[in-house]
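*Asks:* My questions all concern the structure below.
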Protein chains: 2
Amino acid sequence: MSSKLGAGVTRTDRLLSDARTIRYYDTAGQVRATADKREKGEQPGIGELRLDPLVNEWVAMAAHRQGRVFLPPKELCPLCPSTGENLTEVPEDNFEVVVFDNKSPSLRPPQGDWALPDMAGPDTDTGTAAGKCEVICFTADHGHAFKDLSTERIRVLLEAWMDRTRELSKEKFIHHITPFENRGEEVGVTLAHPHGQIYAYSYIPPKVSRMLEVARKHKERTGKVLFDEIVAREIKDEERIVAQNKHWVAYVPYAARYSFEIHLAPKVSVADLSELTTEVADAYPAIAKEVLQRLDGVFDIPMAYIAAWHQAPVREGRDLLRLHWQITSVRRAPGKLKYLAGSESSMGAFIMDLRPEQSAAQLREVKLT
Amino acid sequence: MSSKLGAGVTRTDRLLSDARTIRYYDTAGQVRATADKREKGEQPGIGELRLDPLVNEWVAMAAHRQGRVFLPPKELCPLCPSTGENLTEVPEDNFEVVVFDNKSPSLRPPQGDWALPDMAGPDTDTGTAAGKCEVICFTADHGHAFKDLSTERIRVLLEAWMDRTRELSKEKFIHHITPFENRGEEVGVTLAHPHGQIYAYSYIPPKVSRMLEVARKHKERTGKVLFDEIVAREIKDEERIVAQNKHWVAYVPYAARYSFEIHLAPKVSVADLSELTTEVADAYPAIAKEVLQRLDGVFDIPMAYIAAWHQAPVREGRDLLRLHWQITSVRRAPGKLKYLAGSESSMGAFIMDLRPEQSAAQLREVKLT
């Protein structure tokens, strides 16, 4: 089953041996007919959601995730294309970008009718951990990083993220979609192959819930979209801008929480990836690559980071929240990491070790090769 | 200057060479007259608070904190008693418990009149990083951990925390006080000497703000104190209880976020440490020690943890929030840490890898020596 997307991308769907779906995003008319030769596996059961009553937030219990492989060598990498010796998650012997259902998902599609209980205290504080978790591989090349991808490949990647957002948004049980990349052992990455994940939540995640509340109050008071005003202010202030082109602007936010934190936003704002126009999407790869090259250039070492797409929820607040890409690095100096200890972890009170203006200057000064 | 506290503790205040205060908490009539022989140092300037407009939360900018010492050997430890060769933060050649003003504080007492601007968006989004940061040393013995302290010493430590809470509460610019301990390099500890910190915030930290809001709604709806109901439910459910005595109960909370997370609460609830009665305070050391011994016993290795006292704010919500001690470990297995990656860090959506009931059982099964 193949379908045509934007940017010359064709998507072909196949089933893996345990009935999970893999989607190939291709640009050169490849035929994707290779079957998954692994034994038929079983899929884990669905987990539990529990309400943390102190803050009224859902916590997903994924007790069946133990036993994941930890940093396997290249010849055993489950995200590389399959070879005769190593049957991986990708049956084909090469690929551009693939997205497949996570083998050990924290969140799974629910069976039959499903509804999350209202958050109404101790009596209705459990539900099933509904949602969907997918893995996205950026390249078949085990040794590459996002910043090493060609701009053409980054455009395919963006098209795949846009496609996943569109498709997952159709599922009734999905309320928020977050594509993200964790990079570096320092943030717990267990597979070195360049990849990201897509979490589709059946609930509004706590951070988004908070952002919604703040944006809603702002709109009620001023009639304006908060995020648009934030971007306008960063453009006006100028000193925290790291890079920009006609359609995108990258800045260290005024109140950054990490020494190296970059937000990349389209200049004409949209609710989520599905709303990006072709022109704006085409302008993303170059600046995305530049921003990540600058990040690695600050200390001339691969920086551990989390890069997450912030999107408006699927079914509410689409006039309130705006698409942007948040990159936060836990590294604050070559030998030093930022730990979330007492103040941050217990109290949510962040202490930032560098002025955002200084951080932005360091990022701007990196010589690109 | 000496004063008598509870539990037979005497507090003696002295000035360090850079005018910071050190407070000795003693039980054996020690005279604390030794002067700080170090050169007169300068204190850093006050930092900045910036409002993160996306979530309406303050972030403290502490750019002057770089250059802290990193895991010095015992003979250079700044938290050990002073010797002829090593002039430390503690001028005396021995001590029980001391509390001194942090040399590189993230938050500092403001000069003159001071007020934090209202959180009213982009126009009033900066303030000075007012507050106070103190360091508390649990013992003069470099090699000990909290769980190795005698119950007598833990009682002195508790008395010191109670005293600091009482005294800091009198400062007009202080709105919330959090005593905490970070333990282990895995959570960024840079000094191996057993110690904790006390953060006194000039604002309500984001997590507390959220807890206040939830507890307020619960009280409006039901007339009840949310935390009391949570503790009652844990006692009723029983299966997540780790330890208890007449006055305290320790449990893995129903919706724990970490594989090993323990909350310790007094059975008769109080707003903060200053309200603990002598009887309840006297019952804390044994169970505190037991809980931390159980934590280290699960894998028979020293567990990295953050142990923070959650208290009601100084000037509001004292009928809504309740004192308890939250211990969270970032370790989920001998070779595995829990990282706050994409879902947790970007979205605030926690994924827990172990059922709380299983975690509580593992903690209960530890044989105490």
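Each Cβ is built from the backbone N, Cα and C atoms, and glycine gets one as well.
Annotations in TrEMBL come from automatic prediction, not curation.
What TrEMBL shows for this protein is this:
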- B:H195: active site, tele-UMP-histidine intermediate (ACT_SITE)
- B:C77, B:C80, B:H142, B:H193: Zn(2+) binding site (BINDING)
- B:49-205: domain 'Galactose-1-phosphate uridyl transferase N-terminal' (DOMAIN)
- B:216-366: domain 'Galactose-1-phosphate uridyl transferase C-terminal' (DOMAIN)
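Explain the structural surroundings of these features, please.
*Replies:* The Cβ neighbour count for B:H195 (active site, tele-UMP-histidine intermediate), using a 10 Å radius and every protein chain shown, is 21.
Look at B:H142 (Zn(2+) binding site): DSSP puts it in coil. Other Cβ atoms within 10 Å of the Cβ of B:H142 (Zn(2+) binding site), summed over all protein chains shown, number 16.
Confidence across the domain 'Galactose-1-phosphate uridyl transferase N-terminal' (B:49-205), taken as the mean pLDDT and rounded to a whole number, stands at 90.
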*Asks:* Taking B:C77, B:C80 as the binding-site residues to compare, which has the smallest set of other Cβ atoms within 10 Å?
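*Replies:* The binding-site residues B:C77, B:C80 were compared, and B:C77 has the fewest Cβ atoms within 10 Å.
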*Asks:* For B:H193 (Zn(2+) binding site), what residues in its own chain, 6 or more apart in sequence, show a Cβ-Cβ distance under 8 Å?
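*Replies:* Listed in sequence order: B:C77, B:L79, B:C80, B:C137, B:H142.
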